[in-house]
Amino acid sequence: MTTGECCHLPGSLCDCTGNAALSKTVEEADNRRAQYVTQVTAKDGRLLSTVIKALGTQSDRPICRICHEGQDVCNSEGLLSPCDCTGTLGTVHKSCLEKWLSSSNTSYCELCHTEFTIERRPRPLTEWLRDPGPRNEKRTLFCDMVCFLFITPLAAISGWLCLRGAQDHLHFNSRLEAVGLIALTIALFTIYVLWTLVSFRYHCQLYSEWRRTNQKVRLLIPDTKGAHSTQHSLLSTKLLKKTADETIV
């Protein structure tokens with residue numbers, strides 16, 4: 001970058017007359033990052049002010065359209081182009097796409113509607129027991145489990161006592177009391193079985209819905225598709241760099 005002989009600081013007033021001309025040059029810094037240099041000079045060529053702005057290199061690289069990050073160097077996870085989208089929307093991380101397909105419960109691109117080759121695996125029951133979903137479903141599951149653990153032994157003991165009392169009444173020829181205790185036992189077990197079946201069916205429906213919408217998705221990419229993705233990523237990088245160079249010039 002060339003400097004003039006004007007001793008004024010940038011931003012200060014100058015007694016030089018004439019219209020100011022604008023010239024732009026490009027320099028290479030020590031860290032090899034492009035810098036955008038704007039020089040404001042007077043009509044006689046003396047430098048009035050200089051504005052230097054380093055250009056970021058992130059825009060020159062393809063990024064993931066989901067997380068908006070570039071290639072993950074730490075995990076060695078590159079960018080893929082598994083669908084027909086082009087430009088900045090054509091590259092994506094495999095892990096990001098798998099999480100998106102799992103959360104959205106779809107198997108195609110929402111932009112170009114390309115069907116992905118995926119493998120779905122249901123999550124285990126223990127994971128649903130730890131996190132069944134919304135707060136009201138958690139509370140319902142917890143209450144039903146506590147009631148089941150409390151009512152089951154209580155119903156068993158009550159039924160055994162009623163049957164034992166009915167047997168004693170039959171032994172002493174008190175048939176009316178015996179029939180009443182037997183009817184009470186049948187009613188008790190009927191209510192217990194109906195409540196258990198209704199609660200079990202309700203939670204089975206919740207688990208089936210959770211299992212259907214919360215699956216582990218694994219993206220299957222053929223080798224030919226992977227090679228095409230690499231070429232597409234390299235081509236996108238070259239095009240973006242070429243566009244950036246033309247913009248700077």
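Each Cβ is built from the backbone N, Cα and C atoms, and glycine gets one as well.
What Swiss-Prot records for this protein:
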type	residues	note
BINDING	Cys64, Cys67, His93, Cys96	Zn(2+) 1 binding site
BINDING	Cys83, Cys85, Cys109, Cys112	Zn(2+) 2 binding site
TRANSMEM	141-161	transmembrane segment
TRANSMEM	178-198	transmembrane segment
ZN_FING	56-119	zinc finger
Cys112 (Zn(2+) 2 binding site): tally of other CB atoms within 10 A of its CB: 12
Non-site residues, in chain order, whose CB comes within 8 A of the mean position of the CB atoms of Cys64, Cys67, His93, Cys96 at Zn(2+) 1: Arg65, Ile66, His68, Glu69, Leu79, Val92, Ser95, Leu97
Which of Cys64, Cys67, Cys85, Cys96, Cys109, all binding-site residues, has a Cβ with the fewest other Cβ atoms inside 10 Å: Cys67
Residues in the zinc finger (56-119) grouped by DSSP into helix, strand and remaining coil: 17 helix, 10 strand, 37 coil
Binding-site residues listed as Cys83, His93, least Cβ neighbours within 10 Å: Cys83
Distance from Cys96 (Zn(2+) 1 binding site) back to Cys109 (Zn(2+) 2 binding site), taken between C-alpha atoms, in Å: 13
Chain-mates of Cys83, Cys85, Cys109, Cys112 with C-beta within 8 Å of site centroid, Zn(2+) 2: Pro82, Asp84, Leu89, Gly90, Leu111, His113, Thr114
Nearest-integer angstrom distance between the alpha carbons (Cα) of Cys83 (Zn(2+) 2 binding site) and Cys96 (Zn(2+) 1 binding site): 14
Cys64 (Zn(2+) 1 binding site) and Cys85 (Zn(2+) 2 binding site), distance between Cα atoms, whole Å: 12
Distance from Cys112 (Zn(2+) 2 binding site) back to Cys67 (Zn(2+) 1 binding site), taken between C-alpha atoms, in Å: 19
Cys112 (Zn(2+) 2 binding site) and His93 (Zn(2+) 1 binding site), distance between Cα atoms, whole Å: 17
Integer Cα-Cα distance in angstrom, Cys112 (Zn(2+) 2 binding site) to Cys64 (Zn(2+) 1 binding site): 16
